[in-house]
């Protein structure tokens, strides 16, 4: 069906800029954009449907490119403990931290995980998100990583959102492999990744390169295996220390390296040369009260594309609003509203390997967009929370969330 969406202003985000079109219109044909431009330049179109957007500002659908949406349990009790003076080490020694999430996730059924993840996902969708990446990583064995990835696929098949599934088996060391990190990495490479990829459950492979997780050498083994399986890679890197993980990611042409508070200028140079996107996660920075900022000057100087995401997870960023992350990126990292919006559209699509079809409003791309009742695009980063008045269009069809 061909639809004319008229009477709007557009921030198309082409090339990662606002790329504003005033007094504009969009023609969609099925799920794709057929025409976009000033309404006055549109010849009398043939269309089956005409929708008046009442002067709204239209942006691409938002893309949350780094989340851990599927997990069992709840760690708000630990949050309260930390604020009462209990250290993270004490919480972990008592069986808390990521170990508690792994236990709860392993104990939960697929249906239970789906139900809790669906509730969290609906918050993102109400914020204007039309594409989301979700990681495994709280199962840490084949059976439970498969369970999480199956839930992720199910969410993509049942909810009005495009979902990309990332296998993060190399997230932490499971209890049954205590003090045997090399053995666990071998298990991931020899058993888990080949099986999960063969079942069609994996779109990309991620790992956590950090002193409290896995070394660059161990991560490299995972990357080599991913390459043999023709799967792109991503990396949690330089969140708490500088181990050269982001340069390692660049060497393997990773889609993205994420967190990056402790990355160096040499890392930025390597990422720019490889086209690897820097995914910044202001929610985790805020929640952990970090003080080391990502090197924004180096990222800008060398032209590294910058994306923003919620990092939705139970331990370090229980963030249910991608728009709130826009404000945090501007306030904490001193990004401009234009940079921040590019970070959840154009560059977020690049971070998922989807830039040919998503992330900007251009002819031939997927017709995912949001018509916002706002005065200017910067309002999306300006307002702190709240459900802004909007109309969400996915694949050329208005969606009711």
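Here the Cβ of each residue, glycine as well, is placed from N, Cα and C on the backbone.
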Swiss-Prot annotation, Fe(3+) site containing 66, 68, 311 - matching residue among 9, 123, 236: 236
Recorded N-formimidoyl-L-glutamate site member, picked from 138, 177, 184, that accompanies 313, 315 in Swiss-Prot: 138
Residue from 228, 239 that Swiss-Prot also lists as binding 4-imidazolone-5-propanoate with 75, 138, 171, 316: 239
Separation of alpha carbons, residue 236 (Zn(2+) binding site) and residue 75 (4-imidazolone-5-propanoate binding site) (Å): 21
Integer Å distance between the CA atoms belonging to residue 313 (N-formimidoyl-L-glutamate binding site) and residue 66 (Zn(2+) binding site): 10
Cα within 10 Å of residue 239 (4-imidazolone-5-propanoate binding site) - qualifying binding-site residues among 68, 311, 313, 315: none
Residue among binding-site residues 239, 313, 316 with least C-beta crowding, 10 angstrom cut-off: 316
Least surrounded among the binding-site residues, given as 171, 236, when other CB atoms within 10 Å are counted: 171
Site diameter for N-formimidoyl-L-glutamate, Å, by largest Cα distance between 138, 313, 315: 11
